[in-house]
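**Student:** Dumping what TrEMBL says about this protein:
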{"type": "DOMAIN", "residues": "644-737", "note": "domain 'Fibronectin type-III'"}
{"type": "REPEAT", "residues": "87-121", "note": "repeat 'NHL'"}
{"type": "REPEAT", "residues": "129-168", "note": "repeat 'NHL'"}
{"type": "REPEAT", "residues": "176-215", "note": "repeat 'NHL'"}
{"type": "REPEAT", "residues": "221-262", "note": "repeat 'NHL'"}
{"type": "REPEAT", "residues": "270-309", "note": "repeat 'NHL'"}
{"type": "REPEAT", "residues": "317-356", "note": "repeat 'NHL'"}
{"type": "REPEAT", "residues": "369-403", "note": "repeat 'NHL'"}
{"type": "REPEAT", "residues": "411-450", "note": "repeat 'NHL'"}
{"type": "REPEAT", "residues": "458-497", "note": "repeat 'NHL'"}
{"type": "REPEAT", "residues": "505-544", "note": "repeat 'NHL'"}
{"type": "REPEAT", "residues": "552-591", "note": "repeat 'NHL'"}
{"type": "REPEAT", "residues": "599-638", "note": "repeat 'NHL'"}
Amino acid sequence: MTKKRIGLLTLAILALLRILTAECIGAGFAERSGKLSIGSTKNWLMERNDAINMLKETVGGFTTEAVPDTTATETYKFITKWGSCTEDGCFNNPSGIAVDTSGNVYVVDQSNNRVQKFDSNGKFISKWGSGGSNDGQFTLPSGIAVDTSGNVYVADFGNNRVQKFSSNGQFIIKWGIYGTGDGQFIDPYGIAVDTSGNVYVTDQRNFRIQKFDTDGKFIDKVGSQGKEYGQFYSPAGIAVDTSGNIYVADSVNDCIQKFDKRMRFVAKWGSHGNAEVQFYTPYGVAVDSSGNVYIAEWNNHRIQKLNSNGEFLNTWGSHGSGNEQFIGPEGIAVDTSGNIYVTSILDSRVLGFNSKGRFRLKIGLDSDGNGQLASPYFLAVDSLGYIYVADSYNNLIQKFSSNGRFITKWGGYGTEDGQFNNPTGIAVDISGNVYVVDQLNNRYQKFNSNGKFIMTRGGWGIAPGQFKNPEGIAVDTSGNVYVVDRGNHRIQKFESNGRFITKWGSNGSDIGQFDDPRGIAVDNSGNVYVSDKGNNSIQKFDSYGHHLDIWGGYGGSNGQFKTPYGLATDAYGNVYVADFYNCRIQKFASNGQFITKWGKLGSGDGQFFDPSGVAVDTSGNVYVSDHFNNRIQKFAIDGTPPPIPQPPKNLRAFHATGGLSLSWDADPNATYYALYYGSDKSVTITNYKGGMISVRDDYYQKGNNTGQTYVYTIKACNSSGCSVASDMLTQTFTRVVFNGDFDGDGKRDVLWRNAQTGEIVIWLMDGHTIASTASLGTLDFNWQIQGIGDFNGDKKADILWRHIKTGEVVIWLMDGTSIANKQGVAPVGALKADVSPWQVDGIGDFNGDGMSDIVWGNGQTGDVTIWIMDGTNVSAYQSVASVASNWQVQGVGTFNDNRRSDIVWRNVESGEIAIWRMNGGSIDSISHPATAGENWQIGGIGDVGGDGYDDIIWNDTNTGDFYTWNMGSNGEVLGGSFMQRNVPSNWKMIGTGNFHGSGSQSKTRQDGSNMPVDTLWQDTSSGDVYMWGGGGSSGYDVTQGLPYDWFNE
């Protein structure tokens, strides 16, 4: 049925994970008997009319912000179209149908924006209407009715009005505008007339029925949103019998509701299902002269006949294109002789039956000839410019030239090789081979360019190489095939011969997870883009499934989506998205930077009725499968594309409070810049005209690591593509303010460094009071602080340094604010051969001898080594393990009874936390306490609970909340609580530690807490430094107005 959003709590610890993790499972399509009903495609049309789907949806793991609706940097112009049938007597999505007293049949030809009139034998008589909002024009009309005088009433869905005509199409009157008041409409759909000339209209998104006199004067209304008696959820068809009783097809509630002539509720029939007097999306309803009621069921592809009391009489129909089959039966009417007429909207047919349901005739011309399309889904372009279309409801692949000339087709309904059951995704490799997703056969098939069958791969299931309702497909330049395994919420990758390679993804709303994924595309660099329909986002991966980027969010602004479907990339790496319910195409740079958009709801040139697929040829022409308009539209950029910018020059770095500032020479042809940092991650910078750009901590580092070296490059970009990368810039800096007990009084002190001069200063603390300060001198910035620890066991903190160019390691053994000894540390083990890829990942006492040790990580191999220290000497060293690059050290703490330090890790892709419980240079055990969303970052580690075990402090970077995991002796999470809510973004937690000393809590803490850990904060806007004691409910000023050139991170 319509899409539901079900929030599930991941319950590792109830209070904790309610905050840090939440998964959403979207029921955007229904599985019946283990397989997807082809009829559930009606969900698309239903959801467009469904007010629930107008509510904002959130995407977990990233912030969704609309791009300002400024003028696009380029525009696209309409070139040509093909696929739909527009000649007299031919239909393009026939919806409503009615019969007059003479037996003439009136059909709403929805996507052609017209009404066609036929005699009782199906011979064409006349037509009227065109696209627009003037009198006699329509925008996707839906329902139709005829009164006893032969006047014709049309529900003009897209214009939110009713129009009245004579029997030959002469305009008489109109009424209605958009709104919720009496006589106003939001998506009027069905329409009926009683014997007195009163007009009844189903007002779909107002969830009601409105009654008017023959001139459009409002009389009465009934209904509201819901599923109780007299309530509706997307009311569709409507009919009135000779006694004035009213019958309404309540499509989403799967029932028929009956009212008397005074619009009082009488009865309700049906429930969800496919048995007798059960319904699956009833859309059309009609009544014969005997009071029998006929219901057209969209997703059961059948007609049911009931008596006036709702008792079953007869049924006929099934899915298909035969004479007694339907694909989306929508409108239904009965003439005075009891003959029944039905519109089958998705294959554009109108069929007539006798009173017993036997096929009688077909109204109008066939709409399934060569080149004619029935709900085209995705499409692809080969290197020669030929267009291949997945003609889903004809179960064909059709091939066209670039100007729409029909060339060939292949397929047909079935399960044999070369046959299809709802083909959706399509792709072409560089050799011209065509890959087709055969959705309801749960496979993909490979053909040559002329449609000769080569191979197939798939089957229903969850194992590698099996699928649940696959949808999109793409091929990279190496011939690897990527399939959107929609029902399993994952991507599968295969070799060109069908051999399985890998898979990624699961159901959810976190980064790298999917909720009903649909389209997929691969650029020339091998990057993979996936349209995540339920999360209204585009996700970007490398060819191995490693997450790179994400953008989107629910809405109609630039860069937002309402159910994104098909994707395509061009030669410059730009990404094109078929934004289904926004009825538009959006174009982005490869990093998600919005470029332009075009299209709106309608059937005119350049308008769309739910575009599903998009493709781009080598010349940059864009082809769109206009799904419910049953056509392909071709577009080209309007004007000359701008030249690709030159690579930026003079990339420079400047130390700044909170991180780093960068500058470079601006390029006048660039509309944005892509700054690449770390490995291959990037951030978009817009509106840069020169000067310095502040680089936030998110752009250079995650977690609480120190002494990190990052390489920056930058590309200048516009809609034509990006330049090559600039020269590389290497920068190393320290993130946190270090604190340790430098004078041995049991109270933590603070170590600062000036970002401009390199001066080092120590604050000796007495609780929140600065007892004294001292400068240790000034050092070259090639020397970076790596951490603080007691390396000689004298209960006084020492400082670990490293030279970023030579790799030299030096320890300052401290005595208060005096340097007792400066001693270099000779590299040992693996570092002796090559120090360059090794970084200090943490400092702690891993063997319990009272002296701090050093954890090293190799950024290239993932190897981890521990130096067991004795002062400035390495007394022992041990290779611990090798870890994948997506695991990073977050900090060091004690989470066991042996009082030895342990190492906290985090998977930066999944958010999973792991704790290595150490015994010297060996791992005793590993615990996996929980997983946290990407917006949650570790702010500090310390004994918040006062139980002797360190706890983990988390910061929600979206909301400013701070939350504590209370840890146990086995590295498990015992519980959690908020430390503080909604902390302003200018306040940064810069350290944790016991600044008050043991035994001093009762005297100094106003909240009565026995917590031995304080948190140190700085206001980055004013420079003020502040200390919170307890749970954050008591606090103390430390100093005010600390100058910006002192590192606070």
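Cβ from N, Cα, C; glycine included.
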**Student:** Mean pLDDT across the repeat 'NHL' (599-638), rounded to an integer, is what?
**Tutor:** 94
**Student:** Within the repeat 'NHL' (599-638), how many residues are helix, strand or coil going by DSSP?
**Tutor:** 3 helix, 20 strand, 17 coil
**Student:** Below 8 angstroms Cβ to Cβ, which residues of this chain, lying six or more residues outside the repeat 'NHL' (317-356), approach it?
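**Tutor:** Distal contacts: 38-39, 41-42, 85, 90-99, 101, 103, 105, 107-108, 110, 120, 122, 143-144, 237, 283-289, 294-298, 300-303, 362-364, 367-368, 374-375, 393-394, 413, 630.
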**Student:** What same-chain residues lie close to the repeat 'NHL' (599-638): Cβ under 8 Å, and 6 or more beyond its ends?
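**Tutor:** Residues packing against the repeat 'NHL' (599-638) from afar: 44-45, 48, 74-85, 92-93, 110-113, 131, 139-140, 158, 348, 367, 372-381, 383, 385, 387, 389-390, 400, 402-404, 519, 565-571, 576-581, 583-585.
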**Student:** With DSSP helix as H/G/I and strand as E/B, how many residues of the repeat 'NHL' (87-121) fall in helix, strand and coil?
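**Tutor:** Counting residues by DSSP class gives 3 helix, 16 strand, 16 coil.
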**Student:** Can you tell me which parts of the same chain pack against the repeat 'NHL' (411-450), counting only residues 6+ beyond its ends and a CB-CB cutoff under 8 A?
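**Tutor:** Same-chain contacts beyond the ends: 35-36, 38, 320-321, 377-384, 386, 388-397, 399, 456-460, 466-475, 477, 479, 481, 483-484, 496, 498, 519-520.
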**Student:** Using DSSP, break the repeat 'NHL' (369-403) down into helix, strand and coil residues and give each count.
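**Tutor:** Tallied per class, the repeat 'NHL' (369-403) gives 3 helix, 16 strand, 16 coil.
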